[in-house]
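According to Swiss-Prot:
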- 109-244: domain 'SGF29 C-terminal' (DOMAIN)
- 200-203: region 'Histone H3K4me3 N-terminus binding' (REGION)
- 222-225: region 'Histone H3K4me3 binding' (REGION)
- TYR198: site 'Histone H3K4me3 binding' (SITE)
- TYR205: site 'Histone H3K4me3 binding' (SITE)
Amino acid sequence: MVRPINAEEDVTSMWVKFHESLNPIRSSLIKQEECYKTVDGDDNPIEERIKACDAGIQTSEEQKKELEHTMQSLEMIINVLEKANEKPVITNSPLTRSRRNRGTSFTANTVTFTPGMSVAFKLPYTRHNEGGDWIQCIIIKVTGEGAKQRFEVQDPEPDDDGNAGQIYKTTANHLIQIPAKGTPLPPISPKTNVLARYPETTTFYRAEVIRTLPDGSCKLRFEGEEEVGKETVVERHLVLEYNG
């Protein structure tokens, strides 16, 4: 029995339970495949094929119920994340010089990072990773205050086995807020260096702004683009001003 999601839980627990809810669906798909093979087998007795057909129908009905529960859980998670992104808490303190050198988000004020907020996260340096890459993550936990404040962020993309995305521990210096889609944002001047999410990925790369389009999106030239002179259009809220 999959544990139901409670709206008062933290995002981590909600994601874990959501992935657990996918297991019965995977099992039912395997059962359906077995039923299909039996029904499709011309050499199988007719009684066995009819029995497999009935079992397949029953499995489909069970799968429908599981999918309904899963969709409800996913909608609850989305609602929590949307609320967190729609109402960020912002203080009036200006960024310190050291923080500004590391990177700034769409506002000149210090952002108060909260659970559920979407952020660009700078991957740490490890033996297997040279570091410096930025990926889209979700803040799932905040501890401490002031200089001792720490964050846990999670990659929203599940791994190849369908498990929940990796969780990282970090500080505010390695985070940039990603504004919610539809947030009014000022245009960015041509030739400005930015971090932007490359289309169809969750990774942010350095780019140069060519111009802002009438719909507010930005036409960019990404650093290291294989196709020489290629220009790419990216939605404005996924283009982050960055001086790093």
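A Cβ is built for glycine as well, from the same backbone N, Cα and C atoms used for every other residue.
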Other parts of the chain folded back onto the region 'Histone H3K4me3 binding' (222-225), taken as Cβ under 8 Å at six or more residues beyond its ends:
196, 198, 205-208, 232
Hey, does DSSP put TYR205 (site 'Histone H3K4me3 binding') in a helix, a strand, or just coil?
strand
Limited to the region 'Histone H3K4me3 binding' (222-225), I'd like the whole-number average of pLDDT.
88
If you run the three-state DSSP split on TYR198 (site 'Histone H3K4me3 binding'), which class comes out?
coil
TYR198 (site 'Histone H3K4me3 binding') to TYR205 (site 'Histone H3K4me3 binding'): how many Å between their Cα atoms?
7
CB within-chain contacts under 8 A for TYR205 (site 'Histone H3K4me3 binding'), separation at least 6:
TRP134, LEU195, ALA196, TYR198, PHE222, GLU223, GLY224
Just how many other Cβ atoms lie inside 10 Å of the Cβ on TYR198 (site 'Histone H3K4me3 binding')?
16
